[in-house]
Structures are given as C-alpha cells and as structure tokens.
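The block underneath contains the structure these notes are about, expressed in structure tokens.
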Amino acid sequence: MEDLLESAYRPTPAKAGTAATRADARRNVAAVALGNAVEFFDFGTYATFAVMIGHTFFPAKSAFVSLLLSVSVFGLGFVVRPFGALVIGAYADKAGRKPAMMLTLVMMAVGTGAIAVLPGYETIGIAAPVLLVVTRLIQGLAWGGEAGPATTYILEAAPPDRRGAYACWQVATQGFAAVAAGLAGYVLTVSLSEADLYAWGWRVPFVFGLLVLPIGIYIRRRLSDTIDAHAAHGSTREILRELNARHRRPIAIGLMILLGSTITQYFLNYMTTFALTELHLPGGVAMLATLATGAALAVCSLVGGSLSDRFGRRAVLIWPRVLLLLLIFPALQLIVSHPTPAVFLVTLTVLSGLHGMSGAALIVLIAESFPQRVRSTGFSIVYAVAVSLFGGTAQSIVTWLIGSTGNPMAPTGYLLVANAICIAAGWLAAETWPARRAAR
C-alpha cells in the first residue's frame, strides 16, 4: 500500500510535461475538460431529441416503437464503453495520456459529425439506421476511453495540493453540459415550429458540438504529456496482469463507490420524466429541472473538489453522501405529497448539490488509488464498467419499480441500498489525501 501511495504522489518528471505553474495547470484542465463537456453535451442532446431522432431514422406506425428503437441505439453506447475503456485506457498507460485523449476526441468528432449530417430513412433507407448504430458505437468507444486518460492527466498535471480542485472539473463539466443541452432544447423548442424541429432543428446542437471539437483537438495537440517512457508498460497484457495481481481491492472498492454515485445520477436524470408522468407537472418545469440539477451539480462539485484538498477525499466523499442518504426518503415523500413546481425544483436541486459535492471527491480518490503506470487503465475500467452496469440499467429499474408497484415511492429502497454501498466503500477505501499521509 505504501508503494502505491508513493507512486500516486511521485512528481512527474519535467520532461514528461508536468505543469510548471498554476496557469499552465489551469490551461491543461481547460483543454482536457472540453472533451468531457462535449461528450456529455452530446449525451444530453441525444436524450433531449430522442423522439425526433427516432422519427428521422426509425419511422414506424407506432410513435412508441420509433422512440423505443431510438433509445435502444442510445443504449448501445453503454454496451461498448468497457471495451473502449480497456483498449484506450491501456493505450494511455503505454503511449501516454495525450495520444489517447487525441484519439478519443477525434472519434467523438466523427460520431457527432455523422449524426449532424446523416440522411434519414426517407432518403437512404435502411442504411440510415445502420449508419446511426455505427456512429453510436464509435461514440461509445470514445466515451469509454475518454474518462481514464483525461482524469489521470488532470490529476498528474495539477499542483499536488490542488488535485481535487482541478480534477473536479471532470464532474463540473457534466453539469455545465447538461445546462447547455437543456438550454439548446428549450431555445429550439420555443423558436421553431414542430415541423422544422423534426425536419432539421434537432441537428443544430450536434452541428454546434462538431464545430467545438476541432478547437479541443487543436488545444490538446499543444499539451505536454504527464507520463514518461520509464513509467509505461510494454503491453496491455502486462497492465492487466498487474491490475489483477496487485490492485483488485481498489478496483472492487471503486466499483462499489461508483455503484451508488452512478445510480443516483441517472435517477436524478430520470426525475424530469417523473415530473411529467407521475407528478403531472408542466413540461416547462421538467426543462427547468434539467437546468437546476445541472447547475447544482456543476457548482457543488467545484466546492467539493476544493474541500477534498483541505479535509481529505474520504470525508468529502462520505459526509455529503450520508446526508443525501438521510434525505432520499423524506425528499421523495415531499415531492409526491406536494407536487408543486417550487417543491420539486428546490428538492431536486438540493439532492443534486449533495451528489455533486461527493462526486468530486470520489473520482479523485479512485484515480489516486492506482499508481501512475496503470492509473489510466484502472480508472477507465472501474468507471466504464460501473456506468455500463449501473447507469445503463438504472432508469429501466426505476421505471419497472414504479410500474410494477403503482407506487411512485418504490425506487427509494433501490436508492438507499445503492448509496449505503457507496458510503461503506468510502469507509473501506484508503485515504489518498497527501496531508493525511504526512500525518501518519
């Protein structure tokens, strides 16, 4: 364990591109976080316009069937994420963080650009849905491979005493991207006729994402790497052999931590649908909920990251999560018993804020639990497997629980167990905060 912690905080050689100043580190964070923001913007945009995408690529007699096919293609990205995490994460440990991040950004550009311009079923027939599937598979591989190299790069390029404050931007950009996707959906919905929205309006956010990606590629090309040749493994097999032999515990703990975090995040995303189907609130409230939860996630994750540099990773991971655990049942009960826009928005914002604060600390702790030579692969596998297994199924399970019981409070047990597991794993995890290590 001491070897692992020493490796986690070993300064990166200057020739490997460690940031010499805080200004350099901030520039590095911006370059890396941009890719994460575009990923989640694309993710949120597809979800927002799933009905229009289904109509364009999967025309069917039943609107439900069309939507179902569109959502199924959306889910393909989850299926291939672990494979992308394994291949690209290991590539980052072998060749460097920068080449891996360049690869994922180019793949994202290909996928996003294809969706922006791909003709619909009426134009090219069955080739349209087939090509859409291919683009989502490419994006899924990129998403799986982006998290590990990007998070480890920020961690290694940041000043040692500010790792939490810098790495938390990986969480904050998710919130900002959700806000951007929600605003895009709102503006297009109120600005265009329904016919124009279905015909071409839904493509506009993807075009915007495509225009931003070349900027990210240009910026990332100018980065210096944070890993040198002596830290790199010779093969993927060697990396996996070391992870299996020496790091099974941090992998298991990381999966347990992300189980609770991922399920909570996708439940919060589902609450916009919950507002419409169960609470019968106006559609505008659901849109405001997306903006409110995204903003709360972004702001509170920045706070949580800074706090983790002062009080430790485990403390900031655990205590907001404990408060979230205690609030889950009364919060949902309040929403169901008083289904007003104000109650719904305030309650959801509070839950999202606590989730974001804890989430900032947990990604730093998980990444720091692996030594530099296998950090990208280890973090990538944990993150991608957790998101695929728990994120990819969370909303389906919540929907099934409500539908099978007829009780809108049914998902509370699912959420309570998930967050209890997350808290328990946080207690079991080794503290990676340097001040705590110095006190030992």
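Just so you know, the numbers here start at 1 and follow the chain as drawn.
Glycine is treated like the rest: Cβ placed from N, Cα and C.
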The annotated transmembrane segment range in TrEMBL, which must be one of 30-54, 280-304: 280-304
PLDDT averaged over every residue in the domain 'Major facilitator superfamily (MFS) profile' (28-437): 87
The transmembrane segment (166-188) versus listed stretches 100-118, 200-219, 280-304, 379-402: most Cβ pairs under 8 Å: 280-304
Same-chain residues at least 6 beyond the ends of the transmembrane segment (251-268) whose Cβ lies under 8 Å from its Cβ atoms: 243, 293, 317, 321, 324, 348, 351-352, 355, 358-359, 362, 365-366, 369, 378-379, 381-383, 385-387, 390-391, 394-395, 398, 411, 414-415, 418-426, 428-429
